[in-house]
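Written out below as structure tokens is the structure these notes cover.
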Amino acid sequence: MRPLNVQIRLGNLRHNYRILKEMHGGKLLAVVKADAYGHGAVRCAFALADLADGFAVATIDEGIRLRESGITHPIVLLEGVFEASEYEAVEQYSLWPAVGNQWQLEALLSRHWKKPVKVWLKMDSGMHRTGFFPHDYASVYAALKQSEYVDSIVKFSHFSCADEPESGMTEIQMEAFDLGTEGLEGEESLANSAAILNVPEARRDWGRAGLALYGISPFGGSDDRLKPVMRLSTRIFGERVLQPHSPIGYGATFYTSKSTRVGLIACGYADGYPRRAPSNSPVAVDGKLTRVIGRVSMDMMTIELDASQEGLGHEVELWGDTVNINTVAEAAGTIPYELMCNIKRAKFTYIE
């Protein structure tokens, strides 16, 4: 069997939730959209079932999957519905929809609901993707408040630059949010992972923990308070020694500078490892760091082995405990979210 493995350490997931909940205070949503950022939404949700105040997803299908698996917690649809007919499933599965544009609002208010719905009303406080502008927010809130079909309203917005503390954008967005919601009763939600960790003023009634929940610092590098949940590993299935000035891989982008031990490992861009990862991207053989050499292929990669490192059959960590996924993402010119969400053709093992 091809030895590409993903370990999901559910104990680390629980640890991270506790840390983030303690920091935020109040209530905390575990964001499990995109199959829990590639970790497996159902397994992660059940691992957090006795801790989490609720879960957040992006689509109706993601919410239904959690409900049909037995999750009874609040489930927030962060993007709301994509067509009016989806409100039927919102009611059937007791989901909490976000409302972030005029047609979502009108469709919700024009529907005859059998039971009142809890609405997350989104403000565009400066990210300019979705949400009502601050100067329109109070009137939209009033329209929802007057409806017999609306149970309660959570006021929320999303930060564009919370992972860039020096930008000043988070403070600008908080000011816009506070002005736009002034005098409007009800719960609030502002803090994403970066704000939970770094912006105390953004910690309102509900937090939304995404990247940090999976043990990854939104600021790059590592955060000793968090434990990585995903570990991607494979094994060396070929080994050879190349003479100096030997090219390796497609495009002959790397030439050895000396006699070099080369290990061939079972992972490539078809598995989700980024093809853009250059030579010198880190990997670890039995816990000892080394590097990728040559271009990443569809199904395999080549790595450098020094004289002291084990070869054929030995484990190679691509990211996890020794290799920080932020380092791999930075080398490849991408972000850790993309790396985790793209993993496929791997065996997943869940460790309690």
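The backbone N, Cα and C atoms fix where each Cβ goes, glycine too.
Features reported for this protein in Swiss-Prot:
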ACT_SITE  Lys33  active site, proton acceptor
MOD_RES   Lys33  N6-(pyridoxal phosphate)lysine
BINDING   Arg129, Met298  substrate binding site
ACT_SITE  Tyr250  active site, proton acceptor
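Features recorded in Swiss-Prot, as mapped to the structure shown.
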| residue | record | Cβ neighbours (10 Å) |
| --- | --- | --- |
| Lys33 | active site, proton acceptor | 20 |
| Arg129 | substrate binding site | 10 |
| Tyr250 | active site, proton acceptor | 12 |
| Met298 | substrate binding site | 10 |
Comparing the Cα of Lys33 (active site, proton acceptor) with the Cα atoms of the recorded positions Arg129, Tyr250, Met298, the shortest distance belongs to Arg129
Taking the Cα atoms as reference points, how far is Arg129 (substrate binding site) from Tyr250 (active site, proton acceptor) in Å?
40
Inter-residue Cα distance where the pair is Met298 (substrate binding site) and Tyr250 (active site, proton acceptor), in Å:
11
